[in-house]
């Protein structure tokens, strides 16, 4: 029962954070405050009532439409809430009664926010990264399964590697991706962070090849938001990276 309460509490908290992330992803790229003014319908401008801000539930009760003008509410809003709630629940389940569950929740929070802004605006806002790094430093002061220098080295090594790739590719890697890995390295540690970078590059390469093969209108020079691939790679490396590294090491020993 205690475990169910722990996971359920994280899930509910994640739903609320997901609702907030929708605000962050909409306002931060526009240079607006995430605190004020209150949320309004983008179509009619009517202020959204507090009882219409309940994560997922309000969307269902309103049948996906604004209470005042009847225009559709983007389905992405409840999707982000559900994704964040699920990610928080997984963090609590994988790290029961541990500060590391908060690290997993923070990782998911920042990654979901930057994925949305990168898809919509092709930017990864400095404000999101700064908050992520600040909270990440605080969490690593409270919990560091690896030596503290491992996390610092991970942040510098991964962002430095991407910086060199950006120079070599003449802008093929965005500055936001470089700064994002300062945060990811701080949360994951050196080996998982490097593994996540490799996985993200592989996922991005596979996606680009698939688009070239199956979508004739896809251009080679078209810029792709890299944050979604970074997010998938970082999530995978955080939860399963150690198992993958152990399996690789075991394979090398037995060869």
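Any Cβ shown, glycine's included, is placed from N, Cα and C.
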(request) Would you mind telling me which of 80-100, 101-121 TrEMBL tags as transmembrane segment? (result) 101-121
(message) I need to check the long-range neighbours of the transmembrane segment (101-121): which residues 6 or more away from its ends have a CB within less than 8 Å of a CB in the stretch?
(response) 10, 13-14, 17-18, 21, 24-25, 28-29, 76, 80, 83-84, 87-88, 90-92, 94-95, 128-129, 131-132, 135-136, 139-140, 143, 176, 180, 183-184, 187-188, 225-228, 230-231, 234-235, 238-239
(message) Under 8 angstroms, Cβ to Cβ: which one of 6-26, 128-145, 151-168, 180-203 has the largest number of such pairs with the transmembrane segment (223-241)?
(response) 180-203
